[in-house]
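This report concerns only the one structure given below.
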Amino acid sequence: MDKVAKTISLKKYGIDTANVHYQLSPNELHKITLEKGMGKEASSGALAVNTGEFTGRSPLDRFIVKDAVTDDKVWWGNVNIPFEPKAFDALYDKVTNYLTNKDVYVRDSFACADKDYRLNIRVINEYPWSNMFADNMFLRPTKSELQDFDPEWLIVNAPGFMADAKVDGTRQHNFAILNFTRKIALIGGTGYTGEIKKGIFSALNFILPVYKNTLPMHCSANVGKDGDTAIFFGLSGTGKTTLSADPNRRLIGDDEHGWTKENTVFNFEGGCYAKVINLSEENEPEIYGAIKKGALLENVVLDASGNVDFADTSITQNTRVSYPIDHIANIQVPSIGKNPKNIFFLTADAFGVLPPISKLTPSQAAYHFISGYTAKVAGTEAGIVEPTPNFSACFGAPFMPLHPTVYAEMLSKKMKEAGVNVWLVNTGWTGGPYGIGTRMKLKYTRAMITAALNGDLGLYSYDKYHIHSVFGVAQPRECPGVPTEVLSPRSTWNDDEKYYTTAFKLSNAFRENFKKFESFANEEIRRGGPQRYAF
Ligand code: ATP
Ligand code: MN
């Protein structure tokens, strides 16, 4: 990229600094990061950094300023934690004061690939590599778009600034605060880059449904040769990024999309953020190949020759790489697709009881969307390893400022209008729970998804499908490329009693979790839950 013939002042933001580095290219940021000793170059050419104390988001330190814009709209609670406007103003001034006279890296970019929905973003970073992350993840303006760029939202990102909880009104030294009136995301005390992208995601999850009649979704999306769009919802680690990178389908995006009133699906972002734990070229060639110059690796361990050991989780299990979307060969340009034909709900069921693929009725689709189930596996240390169910409404509760039923109702309506097929895909365990069974083979999951997309799983009928006796979902009896016994979780266990005991344990957890939504959900949605009684 050519140098940008433009300089900007940050005075209006309260930052009086002579050292503004505006719109540097990824190469320049890569170089500066190395020069400052803040990163290393991997043998692939990618830049590798450590994000410091935080290697993941900190949901308990995510706040929303409670004011006239948000007060009666946001679903306040322990996900959307209120923050005083005055406390925000004071903390903002402290952070900008902290950044004064420092080198700061400023970038203008967009969110939302559809121009009618575009959000102009200015990011101010304390660290060069955080600014490179912003360049990878947001949409990159052209030179002419930059000339008259008018920023709407501001992200101030100061990982080195530590809040004083008692004075500043935070929980501890780190914080990520959204202010919808001032249109600012204020992030401090954490270098974890995911806070930057999920800050804007959370802002859009408020803006799009409230002002633009558009459904924001925590999902990946891709499009087939015939232009058919598929979207994949799922919580972290369930396979959104992995499964959307499909050599036979063009990638729209790997994490955040909007479904518009014009019945299109657009990516919010301009890049991907893949998990790299145990990444192999054989299993995930597209992602593996994207890790080259311009990509930013986080919290991985390099050997003396700069090779990444993807099995090394000594820093964190949540090792990551971000890269501009065009590091993937097969992409949709621009990142927009038509009305989806297939929706996949991905879940990593560590109990190993959900079928690897099943078809959902509209009631079940609504029920599972509101439930947002996946499982967490207890630490990797030896000893007792009981999986715990993790329910997160809309498959993304930490990022959803509004009540889950707002999103669920929009989705139900859109699904009905589009006549979409909805599938529940268990990318988690088979042959028993975590500790006894094994993770579903990626090649089987891919084969099941391909079969669903190609219409190879047949029409919904009793000879093609078995209705699961606990969850009521329709389990295909056969699938090209997948051994038949794998399709029935019960038969992979070889112990019916244990299987059903565990299945009922999970169905009880579903019902327990759903209680808080019962008063909002109509009869149709409630019918989509697991069956009530053992038999
Ligand atoms: P996030 O929201 O945090 O970005 P994600 O949904 O995008 O999460 P992925 O990055 O796709 O999750 O992670 C899925 C992980 O699980 C990858 O490391 C992948 O290799 C691994 N995996 C193992 N088996 C499967 C499977 N059968 N299907 C999908 N992923 C699998
Ligand atoms: Mn992902």
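Including glycine, each Cβ sits where the backbone N, Cα and C put it.
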Say TrEMBL lists ARG57, TYR192, LYS198 as binding substrate: which of ARG320, ARG439, ARG446 is in the same site, per that record?
ARG320
What binding-site residues in the list ARG57, TYR192, ARG320 lie within 10 angstroms of ASP255 (Mn(2+) binding site), counting C-alpha atoms?
none
I'm trying to understand the geometry here, so how far is the Cα atom of ARG57 (substrate binding site) from the Cα atom of HIS218 (Mn(2+) binding site), in Å to the nearest whole number?
16
Once near-sequence residues are set aside, which residues in the chain of LYS240 (ATP binding site), 6 or more away, have Cβ atoms under 8 Å from its Cβ?
HIS218, CYS219, SER220, PHE232, PHE233, GLY234, ASP254, ASP255, LEU346
Considering all pairs of residues in LYS198, HIS218, GLY234, LEU235, SER236, GLY237, THR238, GLY239, LYS240, THR241, THR242, GLU284, ARG320, THR445, annotated in the record as contacting ATP, what is the maximal C-alpha distance expressed in whole angstrom?
27
Cβ-Cβ under 8 Å from ARG320 (substrate binding site), same chain, 6 or more residues apart: which ones?
THR193, GLY194, TYR273, ALA274, LYS275, VAL276, LEU297, GLU298, ASN299
Give the subset of the binding-site residues ARG57, LYS198, SER236 lying near ligand 1, defined as CB under 6 A from any of its atoms.
SER236
Neighbourhood of ligand 2 - binding-site residues from TYR192, HIS218, ASP255, ARG320 with Cβ under 6 Å:
ASP255
